[in-house]
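According to TrEMBL, the features are:
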- Glu238: active site (ACT_SITE)
- Asp321: active site, proton donor (ACT_SITE)
- His237, His241, Glu317: Zn(2+) binding site (BINDING)
- 203-223: region 'Disordered' (REGION)
- 30-54: transmembrane segment (TRANSMEM)
- 81-99: transmembrane segment (TRANSMEM)
- 105-126: transmembrane segment (TRANSMEM)
- 259-281: transmembrane segment (TRANSMEM)
- 287-312: transmembrane segment (TRANSMEM)
Amino acid sequence: MILLCGGIPFLWKLSGQISGCAGFGSEYEIVQSLVFLLLATLFSAVTGLPWSLYNTFVIEEKHGFNQQTLGFFFKDAIKKFVVTQCILLPVTSLLLYIIKIGGDYFFIYAWLFTLVVSLVLVTIYADYIAPLFDKFIPLPEGELKQQIETMAKSIDFPLTKVYVVEGSKRSSHSNAYFYGFFKNKRIVLFDTLLEDYSALNKEPAEGEDGENEETKSKTKNKKQGCKNEEVLAVLGHELGHWKLGHTVKNIIISQMNSFLCFFLFAVLIGQKELFAAFGFYDTQPTLIGLMIIFQFIFSPYNEVLSFCLTVLSRRFEFQADAFAKELGKAKDLYSALIKLNKDNLGFPVSDWIFSMWHYSHPPLLERLQALKDAKQE
C-alpha cells in the first residue's frame with residue numbers, strides 16, 4: 001500500500017516541509033533525512049502497536065507467558081522508541097555525512113564506520129542499554145556460581161562476572177547468553193532459566209496479592225526451570241559457541257556481507273531509474289537510496305543469504321551441543337532441552353522443509369537424537 005500510494009515520496013516531502021519550517025532549506029538534506037527517519041519510525045511504531053498488543057496480551061497471555069501490565073507495556077514501548085532514536089539519528093547523520101564527503105571510495109569509509117558502530121554497540125549494550133529495561137544483579141555466591149567459574153576456567157573462558165536478569169517481569173520465556181570482548185567476558189542468566197531464582201516459582205509473600213503496578217505473577221502457570229546441573233549444561237552449550245569460534249565467524253560473515261552491500265550500493269546509487277521507480281523524479285536523496293537498495297533491491301539476495309545463515313546456524317548448534325557432550329554434560333543437556341521446550345511450550349514435531357527454511361536452531365528431536373548415545377552411556 002505504501003509503495004502503490006506513493007507513501008515514501010509523500011513522507012519525504014512532508015519531512016522537507018517540517019525542516020523548512022524550522023529554517024532548514026532543501027540544501028540541508030541530512031536534516032530532512034533525519035526528520036524523515038523520525039517520522040518513518042514513528043509511523044512504523046504506531047502501525048505495529050496493535051499487532052504487538054495482540055501478541056503480548058492475547059497470544060502470550062493465553063499461553064501464560066505474558067507478565068506485563070498494560071501500563072508497563074506502554075512505558076517499555078516509549079522507552080524503547082526514545083533509546084532507539086537516540087542511537088539511530090546520530091549514527092544515520094554521520095553515515096550520510098561520510099557518504100557525502102567520501103568521494104569515489106565512500107563505501108569503504110561507510111563500511112568501516114558501521115563496523116565501529118556495531119562493535120561499540122555490542123560492547124556497551126549489556127552494561128548501559130539493557131539495564132534501562134531490565135534489572136541485572138550479580139549471581140549470589142554459592143554452589144552454582146562456583147561451578148560456573150570452574151567450568152569457565154576449564155576451557156580458558158575469561159569470565160569476569162555472572163549476572164541474573166529479572167526477565168520474569170516481562171515474560172516467562174527463558175534464555176542465557178554471554179557477551180564482551182577479549183579478556184572481559186560476562187555471562188547473563190535469565191531468572192526464568194533458574195529453578196531456584198525464578199519469581200514464577202515463588203509464592204507471594206504474606207500480605208501481598210502477587211501483583212504490583214508494573215508486573216504480575218501468574219502462579220497458576222509456574223515454570224519448571226532448570227536444576228544447577230542442567231543450567232551448567234546449557235552454559236556448556238553457549239560456551240561451546242565461543243570455544244569453537246562461532247561468534248567470531250558470524251561477525252566476519254556479517255561484515256563481509258556489509259562490505260558487499262555498500263559496494264553494490266556505490267554501484268547502483270547513480271541509477272536515476274531506481275529513484276524514479278519509487279516516485280523520486282527530481283531528487284535522489286542518499287537516505288532514500290539506502291532504503292530502496294538495501295530494503296527492496298537486495299530483497300531476493302537477503303532471502304538467499306538468510307537461508308544460508310540459517311543452515312550455518314543449525315550446524316553451529318549441533319557443534320555446540322557436541323562440545324557440551326565432550327564436557328560430560330550430555331545427560332543434563334538432554335533433560336534441560338526437554339524442560340526448556342516444555343517451559344516455552346515448544347512443539348517437538350516439525351515439518352522438515354519448514355524447519356529447514358525457518359528454524360535457526362535444529363528441532364528438539366534432532367538435537368535429542370544427537371545426544372542420545374552419550375546420554376545412554
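Each residue, glycine too, has its Cβ placed from N, Cα and C.
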Count the CB pairs under 8 A between the transmembrane segment (287-312) and each of 81-99, 105-126, 259-281, then give me the winner. 259-281
Please work out the number of neighbouring Cβ atoms within 10 Å of the Cβ of the residue listed as 'active site', leaving out its own Cβ. 18
Counting other C-beta atoms within 10 angstroms, the emptiest spot among the binding-site residues His237, His241 is His241
Counting Cβ atoms within 10 Å across all protein chains shown, which of the recorded positions Glu317, Asp321 comes out on top? Asp321
If you measure between the CA atoms of His237 (Zn(2+) binding site) and Asp321 (active site, proton donor) and round to the nearest Å, you get 5
Whole-number Å distance between the CA of His241 (Zn(2+) binding site) and the CA of the residue listed as 'active site, proton donor'? 9
Beyond the site residues His237, His241, Glu317: chain residues whose C-beta lies within 8 Å of the centroid, for Zn(2+): Glu238, Gly240, His246, Phe316, Gln319, Ala320, Asp321, Phe323, Ala324
Can you grab the distance from Glu317 (Zn(2+) binding site) over to the residue listed as 'active site'? Cα atoms, rounded to a whole Å. 9
